[in-house]
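Summarising the annotation, Swiss-Prot assigns topological domain 'Cytoplasmic' to 1-56, 110-125, 231-248, 339-346, 399-424. The transmembrane segment annotation in Swiss-Prot covers 57-77, 89-109, 126-146, 157-177, 181-201, 210-230, 249-269, 318-338, 347-367, 378-398. For 78-88, 147-156, 202-209, 270-317, 368-377, the entry in Swiss-Prot reads topological domain 'Vacuolar', with the evidence type a curator's inference. Residues annotated as N-linked glycosylation site in Swiss-Prot, with sequence analysis given as evidence: Asn86. Annotation source Swiss-Prot lists disulfide bond at Cys289-Cys312, Cys301-Cys309, citing similarity to another entry.
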Amino acid sequence: MTVIKKGKNKKKNLKNDDRYKELDSLITNGSEIGDNSGRSCIKRFFKIIGNEMKNNVYVYFLSILYLCVCVMNKVFAKRTLNKMGNYSFVTSETHNIICIVVFQLLYFIYRKTSTSGYKNESQKNFGWQFFLISLLDASTVIISMIGLTRTTGNIQSFIMQLIIPVNMYFCFMFLGYRYHLFNYLGAFIILITIAVVETFLSFETQSENSIIFNLIMISALIPLSFSNMTREVVFKKHKINILRLNAMVVLFQFFTSLLVLPVYNIPFLKEIYMPFSEMSTNINNGLRCLFYGQNTVVENCGVGMVKMCDNCEGAWKTFITFSFFNICDNLLACYIIDKFSTMTYTIVSCIQGPAITIAYYFKFLAGDAVRKPRILDFLTLFGYLFGTIIYRIGNIILEKKKMVKSQNSNDSEAELTCIETSTA
């Protein structure tokens, strides 16, 4: 039986090893290439990319799908903000209620159609994990709201992409991740692309920008990173269902979002500043704006003013569309973290920056927020994609080493078992 098991392991390892042959050829024979070294190296490089995409069609399809959903989520979030930006608390809590209903309904259907999986999960209590994720998400929102008040658009984009090194560091420290040189190189290329582009765009940056508030916004990446890592631990260690996680987290989030209320009473927050005495009036006006399309703030508002002008006509359509894509975004993000890792999710999501910018070129997507195309945006997207490819090559090499190590371990155990059997 041991010999048969050993044969199966060899067959499996040989099958898995096929995808790495081209990579081995590129690395091993790199020094043996003659006059056509450059052309041969490029040819091999693109052949590796082709084989990688062919062997991981599902991964790349899922990544593209998530990227499209994520872009639509951000675009319609911006369009919702343009219509009813004075009522962020109303939109936040209404969206939470919609998410509670949808996720609870989906999880109810899952329980009815998959009884065995539900029974296995129902024996475990994940209350503190749900509360921790909700609290981390609420903390991210609160800190980001404070930082955003004096952090201009271009700097916002740069700061959000810093999640790559932040996630790499915390995954290294707490989840035991180990990286290849190509992982660092890919992340470095992405960061350099961001730095160059944002430096170039800094000439367009508004004067109202504070380094203190920039640092506050950067600190929001810490709870965001820990939230993603907690999700990964819950998925990988406890094998919890994605629908159950989202159903419970959004339920906790409805209450943890109330922690945001004191933030609205901080005077230096300018646009979102709102005393507690005006809270009930704001909620009432927000509900009228969302469900009845009634404008309340129409005077002393607009560009350069403290408040935005209401544009509530058709607000509910834009808001429902945003909620739909946001729910899909959450499900796909959790699925990617569950099936792959936090870093895979981070690298895929970082491409959304230039993709969102390009989406604003199309009026049917961006509406009133449409912008003119710029070559710089396409160059940024190319830099992101190139860095992502280099990062993925690092993962391939690490997978190869892990597979070889596992193969050697299986062979050693099989040989030891055979020796013990023959001795007996």
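Each residue, glycine too, has its Cβ placed from N, Cα and C.
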Task = Could you name the stretch, out of 57-77, 126-146, 181-201, 347-367, with the greatest number of CB pairs under 8 A to the transmembrane segment (210-230)?
result = 126-146
Task = Report yes or no: does the transmembrane segment (157-177) come within contact of the transmembrane segment (347-367), defined as 3 or more CB pairs under 8 Å with a sequence separation of 6 or more?
result = yes
Request  = Could you say which of the disulfide-bonded residues Cys301, Cys309, Cys312 has its Cβ with the most other Cβ atoms inside 10 Å?
outcome  = Cys312
Query = Where does Cys289 (disulfide bond) sit in DSSP terms: helix, strand, or coil?
reply = helix
Ask   = Between the stretches 249-269, 318-338, 347-367, 378-398, which one has more Cβ pairs under 8 Å with the transmembrane segment (57-77) than any other?
value = 318-338
Residues from the same chain, set at least six apart from the ends of the transmembrane segment (126-146), whose C-beta lies under 8 A from its own = 213, 216-217, 219-220, 223-224, 226-227, 230-231, 233-234, 238, 240, 245, 248-249, 251-253, 255-257, 259-260, 263, 266, 269, 272
Inquiry  = I'm trying to understand the geometry here, so how far is the Cα atom of Cys309 (disulfide bond) from the Cα atom of Cys289 (disulfide bond), in Å to the nearest whole number?
reply    = 12
Cβ-Cβ under 8 Å with the transmembrane segment (318-338): same-chain residues at least 6 beyond its ends = 62-63, 65-66, 69-70, 72-73, 76-77, 79-80, 83-84, 91, 94-95, 98-99, 102-103, 228, 231-232, 235-236, 242, 245-246, 290, 344-345, 348-349
